[in-house]
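Taken from Swiss-Prot, the feature compositional bias 'Basic and acidic residues' applies to 579-594, 606-621. Sequence annotations record features per position, and here Swiss-Prot assigns compositional bias 'Basic residues' to 595-604. The N6-acetyllysine annotation in Swiss-Prot covers 262, 734, 755 and rests on similarity to another entry. The annotation phosphoserine is assigned in Swiss-Prot to 302, 537, 588, 854, 855. What Swiss-Prot lists as region 'Interaction with HYPK' is 500-865. Among the features that Swiss-Prot reports, region 'Disordered' is placed at 579-642. According to Swiss-Prot, the repeat 'TPR 1' annotation covers 46-79. According to Swiss-Prot, the feature repeat 'TPR 2' maps to 80-113. Taken from Swiss-Prot, the feature repeat 'TPR 3' covers 148-184. The repeat 'TPR 4' annotation in Swiss-Prot covers 224-257. Annotated repeat 'TPR 5' per Swiss-Prot: 374-407, in sequence order. Taken from Swiss-Prot, the feature repeat 'TPR 6' applies to 409-441. Here Swiss-Prot flags 485-518 as repeat 'TPR 7'. Residues or ranges marked as repeat 'TPR 8' in Swiss-Prot: 672-705. Per Swiss-Prot, the feature repeat 'TPR 9' maps to 799-834. Per Swiss-Prot, motif 'Bipartite nuclear localization signal' is recorded for 612-629, and the stated evidence type is sequence analysis.
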């Protein structure tokens, strides 16, 4: 349909519609739209229909908005306004690629429209279409050469494309246009200079960067950044004496910064260990109270010199009462010789302080206060916990608690000892004791909630967190709103451990949504940062967003989700009782009766709580409805509700797992787990070439990894057993597998692996699993391989032994209940505190509430009687 042009009166109304939209006066805008469209001549005016649709979209009427905009577009396909509006609609729904197409169509009919070009550039940088972004910024520079955003945007485009020299030239041309007095302090100009210097450094133009820094030093506000950059540049240019002077100046500003000492070392280039130590001895004299110059030499010293320096360092810290001293020295624990020296010294302090209140009986000087002994015992508890001796660690921490029962740090360490020893319930109880000593401390509150979650006590953790969340809303909703991902990852892990897969997946998807929101949140900064000239931070933000899903929170959530989806594929939940059946199948009559009693009590308690919560929920929903509506309008519509039951009964669990896997394959390639999870998914999908690809990538990272060995055997065996593979696929597989396995068969390959790693328990477990996988008649040998607890084995730790017990129980080594019970008893002697190895009759009779209350489950006892 040909475009209809509006007469002056209606044209004036149309301009008022645009103004109303810009000022968010949507109701008024709709009135003016109605005035134009009510005239039969203009009832199908494309641009007015499009603007009406855009206005309705802002009021949350999405379907009607799309219908009107499309109708308007059909009536006027050559209108840049209609295409622009359609692009804005797509952008509001986060359909950025579609929005870019719309903007490009709009520019066909009005190629120099500034607003469309600006909107297009925002989407291009959001989607990292850097070539397109550069072209668009060039057009904007040509149209508005007087605007600084035009120059800066064009320079950033070249910077992101790694054409540093061109970016530096553009910035220099722009800088020349800035009229700034040398004596005037201008923050924005200062940031521009620092950004220009960053570009020069990234271009490798170190001499020019140093000259630039010296020329404009007075006009840069961030003096610390100037000095730090100057030090780096002088090192790059091998002007070592000047660099040393700069780093000495930086040390005076902050004697506690490790990087300045490293920089000074690089500048002075000590020839041997004594010269290196001399650098730090000079710093001791200059900064007698500084801990960093006393700590850093411990990294490279050894023998008597190490002992001498460590002695001085520890005495200073223990006398002052410095709680984090163990964390400061933790990195030294990789060296067994240094660990022995630490133990010798600190045990000696404890003995001497008990007898004569001195660090050494031969010392001359005043006696140490009683708190010094306390901090020595506090350190020793952490030391023995670190080296895997929880009984001795508990002796020291209990002695310390007896002497000072009000010090929170002692309870924190006691909780950690129990956690590392495998008794998370006892750990949670002691962390709760710590929290009860200071209920206003948010750190302790969060720590306690985390431990309670690790004990699978989700309700108690929510109660704990509710002390620091907004009133009037549930703690879980508020924590989700605040993107509190540590809580959600721990929740997901707890739900997974309890076989509540739907709830666990809900938490994983919530975390996934947080990362999507963080990615979308950068949109506002594309204009803000150019306006405020915070260019260094802006470029850092863009680089961070590109690798956002490398974050441990995302990796942990993705790992949990993938593991659950794999379980759901192997054992789909077809009805509500399936999980329950899996838990009760192997129970005795007595255990079953006990479980039923517990369930009845839980049901009764849940009903009472449900009634109490219903009234509270209604109030919360009323409070949140308006906020939720506002949020939905802002983010482009309500999100699909995450329903646990629906998530747990998904039809294509492997496809859902791939959604979590894809970002890991792109961004976390250096972690072997990424490729092994990929193998597990493709193995179930019978995608042989993708299985091979995953194995090869994992092999390149760690060819001796136990889990990788299992994957390789399963791949090898599957290829050998498969008869209906296409010839081309079989040819590729044969060629690549010859490189991986050589001329052998799966059984021989497994035996070779076992011989090569016979002294490693994790490797023995993997080999044992594959012995049974390849030949179920070899079960006895497989169990013997896995259950050996010889003291000479490496990695014979709590985690590995728990994995062996799990393999004995889950069928990986066949049906072997007697072997599992015997192994549990053996491990109980090795790890007496670990819950996983407690005797079958063992029950944790205490339940954790908030603020240290503990009570016996008397009702359960009554029912038993």
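Quick reminder: no glycine exception, Cβ is built from N, Cα and C everywhere.
Comparing C-alpha positions, residue 734 (N6-acetyllysine) sits nearest to 755 among the modified residues 262, 302, 537, 755. Closest to residue 537 (phosphoserine) by Cα-Cα distance, out of the modified residues 262, 302, 755, is 262.
It is 19 Å from the Cα atom of residue 302 (phosphoserine) to that of residue 262 (N6-acetyllysine). For the repeat 'TPR 3' (148-184), the list of distant contacts is 121, 130-131, 133-134, 137-138, 140-141, 192-193, 195-196, 199-200, 202-205, 218-219, 527, 530-531, 533, 535, 538-539, 542: same-chain residues at least six beyond its ends, Cβ to Cβ under 8 Å. Spacing of residue 755 (N6-acetyllysine) relative to residue 262 (N6-acetyllysine) is 44 Å (Cα to Cα, whole number).
The number of other CB atoms found within 10 A of the CB of residue 734 (N6-acetyllysine), across every protein chain shown, is 11.
Annotation for residue 262 (N6-acetyllysine): no spatial neighbours, criterion Cβ-Cβ under 8 Å with sequence separation of six or more. Across the repeat 'TPR 4' (224-257), DSSP classifies residues as 27 helix, 0 strand, 7 coil. Its Cβ placed at the centre, residue 755 (N6-acetyllysine) has 9 other Cβ atoms within 10 Å.
In the predicted model, the repeat 'TPR 6' (409-441) has a mean pLDDT of 95.
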